[in-house]
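Database features (TrEMBL):
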DOMAIN    A:7-419  domain 'Ammonium transporter AmtB-like'
TRANSMEM  A:6-27  transmembrane segment
TRANSMEM  A:39-57  transmembrane segment
TRANSMEM  A:96-117  transmembrane segment
TRANSMEM  A:129-149  transmembrane segment
TRANSMEM  A:176-198  transmembrane segment
TRANSMEM  A:210-230  transmembrane segment
TRANSMEM  A:236-259  transmembrane segment
TRANSMEM  A:271-290  transmembrane segment
TRANSMEM  A:296-316  transmembrane segment
TRANSMEM  A:328-347  transmembrane segment
TRANSMEM  A:367-392  transmembrane segment
Amino acid sequence: MDTGDTAWVLISAALVLLMTPGLAFFYGGMVRSKSVLNMMMMSLGAMAVVGVLWVLFGYSTAFGADVGAGLLGKPFEFFGLSGLLAPESLALPAKIPSTVFVAFQAMFAIITVALISGAIADRARFGPWLLFAGLWATVVYFPVAHWVFDFDGKDEAGNVVDPGGWIANKLLAIDFAGGTAVHINAGAAGLALALVLGKRVGWPKEPMKPHSLPLVVLGAGLLWFGWFGFNAGSALGANATAGVTFINTLVATCAAMLGWMLTERIRDGKATTLGAASGVIAGLVAITPACSSVTPIGAIAIGAITGVLCALAVSLKYRLGFDDSLDVVGVHLVGGLSGTILIGLFASDAAPAKINGLFYGGGVDQLWRQAVGAFAVLAYSFVLSLLLGYLVKFTVGFRASEEAEVASIDEAEHAERAYEYGSLTSARGTGKASVAAGATAVLEGSNKK
Amino acid sequence: MKLVTAIIKPFTLDDVKSSLEQLGVLGMTVSEVQGYGRQKGHTEVYRGAEYSVDFVPKIKVEVVVDDNAVEKVLEAVVEAARTGKIGDGKVWVTPVDTVVRVRTGERGSDAL
């Protein structure tokens with residue numbers, strides 16, 4: 001065990017966890033003032049559900065012994081993390097305790113599920129969302145994480161003793177921190193759910209502008225900060241790979257922001273705050289798979305291309321008529337595809353992954369591997385998400401009533417409002433106070449004692 | 001007495017208010033309102049989509065004045081609110097039966 005590596009991955013895990021409340025701010029600022037809490041609760045709810053499932057059987061499904069063909073780990077091998085708590089159980093090949101790796105990967109599972117919620121803003125009931133989150137993590141995320149993140153365990157002679165997932169070990173597509181498993185995966189699921197739930201009342205005639213851009217910027221800042229843990233932490237050590245991925249995570253994001261703002265300036269006449277914040281996320285998404293395999297110049301190219309591409313992609317939903325409310329498809333699916341596939345062009349053997357892409361004399365070999373990996377995850381996630389979405393819709397129902405949606409989904413689903421302003425008519429208190437029936441019983445019970 | 005109601009562009013409110021003060025108008029009620037006239041709103045572009053905004057934000061100013069001051073007040077409001085461009089607004093005058101000052105019970109012009 002290496003204490004420096006362990007410390008860095010522990011800190012990175014906490015950084016990645018912070019991304020999900022960051023996402024809650026990012027998404028929460030983008031919706032209208034009457035549905036902020038429901039939006040934020042979908043991120044918080046994903047943390048609650050996926051965190052528990054991860055410890056029970058999620059980690060084991062993703063990183064347990066392969067059941068065959070690199071499709072799935074044994075779900076109950078490490079049930080409840082049994083067998084992983086002893087100090088000598090190391091997650092190969094990194095020099096960190098297994099539990100540290102479990103913790104780091106848990107945060108990835110959580111944020112991936114939370115990302116999907118942006119596609120169904122303002123209209124999803126909370127309970128059904130939690131149900132979907134649990135089902136989706138189990139059926140889609142855990143297996144896909146196995147495909148992409150579970151590398152073969154080898155003994156000292158180099159023989160495979162613990163086979164991992166097919167994308168990481170057989171296809172050999174490069175996805176350093178989750179362009180496929182996290183972003184294409186969540187983006188395709190977002191598209192599926194936007195289709196299952198349908199459009200919001202009034203969309204697309206009503207502008208539905210963000211109610212608080214300062215919250216959006218706060219969220220984007222927290223996401224960027226946490227993303228250094230996401231990408232540089234994926235080096236699983238405090239080393240040179242972490243350094244390269246860190247700097248690429250910085251510079252690709254800056255370039256993407258420039259690309260997005262420039263596109264808006266030319267197309268719409270003004271560079272918007274929402275555009276700058278979205279450009280940040282697009283750049284982070286694109287560099288996620290690529291940060292270990294490109295030089296900083298390659299990172300700038302990938303960031304700039306993706307910034308422009310995503311800025312153009314977010315207007316597609318109006319032409320195609322699906323209400324992907326907060327652009328999960330336009331940013332995460334398109335940005336994830338862009339970053340994953342551009343590795344095939346911009347990969348350079350000067351970077352830690354030591355592979356050359358098409359532009360560096362490596363031919364098209366890596367390019368097709370990237371494309372196959374990307375589209376395999378896209379197709380699997382889209383089809384399964386559609387099925388799970390309809391399953392929830394036709395059993396417990398997924399969508400809030402039109403009345404609740406128009407009035408305030410926060411009030412209807414959570415009995416709260418994000419912004420409770422006092423009004424002149426309520427100054428003296430015209431209502432009547434009473435304790436809810438359940439609470440009365442509790443109070444009486446405590447009095448009897 | 002007459003009630004003068006003016007729907008104006010929000011940025012002209014300051015000019016309208018000071019012209020009315022110069023005429024000796026002692027009070028007014030101002031509200032933020034939305035609506036449209038012949039201009040029928042406008043279009044906005046945001047995040048690659050074009051929206052038609054039907055209701056344009058406006059300010060409504062209401063003042064109650066003596067019959068003999070109506071013409072001057074009308075002129076002052078129109079003068080201060082005019083930019084010559086579409087969407088400058090409207091001003092109309094309606095008769096008022098009576099006015100009561102709540103604190104003293106005074107009626108009519110004395111209550112203004």
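Note that Cβ sites are derived from N, Cα and C of the backbone, with glycine treated the same way.
Counting only same-chain residues 6+ beyond the ends of the transmembrane segment (A:236-259), those with a CB under 8 A from a CB of the stretch are 2, 4-5, 7-9, 94-96, 101, 104, 176-177, 224, 227-228, 276, 279-280, 282-284, 286-287, 290-292, 294, 296, 299-308, 310-311, 351-352.
Where the transmembrane segment (A:39-57) meets the stretches A:6-27, A:129-149, A:328-347, the count of C-beta pairs under 8 angstroms peaks at A:129-149.
The listed stretches are A:6-27, A:210-230, A:271-290, A:328-347, A:367-392; of these, A:367-392 has the most Cβ pairs under 8 Å to the transmembrane segment (A:129-149). With a threshold of 8 Å between CB atoms, the same-chain residues lying at least 6 positions outside the transmembrane segment (A:6-27) that come near it are 39-40, 42-44, 46-47, 94-97, 100-101, 103-104, 106-108, 110-111, 114-115, 117-118, 121, 215-216, 218-223, 225-230, 232-234, 236-238, 242, 277, 281, 326. Note: the stretches the transmembrane segment (A:271-290) and the transmembrane segment (A:367-392) are not in contact (fewer than 3 CB pairs below 8 A, sequence gap of 6 or more). If one looks beyond the transmembrane segment (A:367-392) by at least 6 residues along the same chain, the residues whose Cβ comes under 8 Å of a Cβ in the stretch are 116, 128, 131-132, 135-136, 139-140, 144, 147-148, 167, 171-175, 179-181, 184-189, 191-193, 195-197, 333, 336-337, 340-341, 343-345, 357-358, 398. Panel annotation: around the transmembrane segment (A:296-316), residues 247-248, 251-260, 262-264, 267, 275, 278-279, 282-283, 285-287, 290, 327, 329-331, 334-335, 338-339, 342, 346-348, 351 of the same chain, lying at least six beyond its termini, place a Cβ under 8 Å from a Cβ of the stretch.
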